[in-house]
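Over in Swiss-Prot, the protein carries these features:
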- C43, C44, C108, C139: [4Fe-4S] cluster binding site (BINDING)
Amino acid sequence: MNSIEFPLFDRTTKNSVISTTSNDLSNWSRLSSLWPLLYGTSCCFIEFASLIGSRFDFDRYGLVPRSSPRQADLILTAGTITMKMAPSLVRLYEQMPKPKYVIAMGACTITGGMFSTDSYSTVRGVDKLIPVDVYLPGCPPKPEAVIDAITKLRKKVSREIYEDRISSQQENRCFTINHKFRIRRSTHTGNYDQGLLDQSPSTSTSRIRPSENFFKYKSTVFSHELVN
């Protein structure tokens, strides 16, 4: 058994009889049986793949990658999460049995990374979709940092109390947002259609007259409207 900061057992007698509680016994059994579901979308996941080799050998922590969320109790997200992928990620998290944990790996997963400035389709942080237990910053994080995150998660598991797990499971901490993306095409003369011209902007009181043109040149123009 790997060493943990706090002991799990109350005391050990000379007759090799261990006295403990059901809560500590449950935590001890889950320490060496974290089965992760690997949810990698970009380059950060390549760093996690190096943990499978003999140099780092994450099998010593009892990590057994699973391909089904119903057999996993840990999901490791690595890479950019788009709005189209968000419902699938939430569905995978909801299908995992309880108790379950989440590790957010990389800057793109935590904050959206370099895509969070002007991208309309990037989720600004996976914690807006599912609760995160350990944040692992970096672009990308090193394999040693991934092992450190797993160690910190195991310490958190060793301190858990059964009553706290029940209360946290009753809370609805994850949510989804329906994003509708509409595409309207203008005429080839550079003028928007009549419906768009008749609409008044939400931040201004003046109306746009149908005779006004947004573009003076003749080209094919597309109007993108993102409705939250």
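Any Cβ shown, glycine's included, is placed from N, Cα and C.
Summary: among the binding-site residues (C43, C44, C108, C139), the fewest other C-beta atoms within 10 A of the C-beta are counted at C139. The [4Fe-4S] cluster site, placed at the center of the C-beta atoms of C43, C44, C108, C139, has further neighbours from the same chain whose C-beta lies within 8 angstroms: S42, A78, G79, T80, G106, A107, T109, G113, G138, P140.
According to DSSP, C44 ([4Fe-4S] cluster binding site) is assigned to a helical segment.
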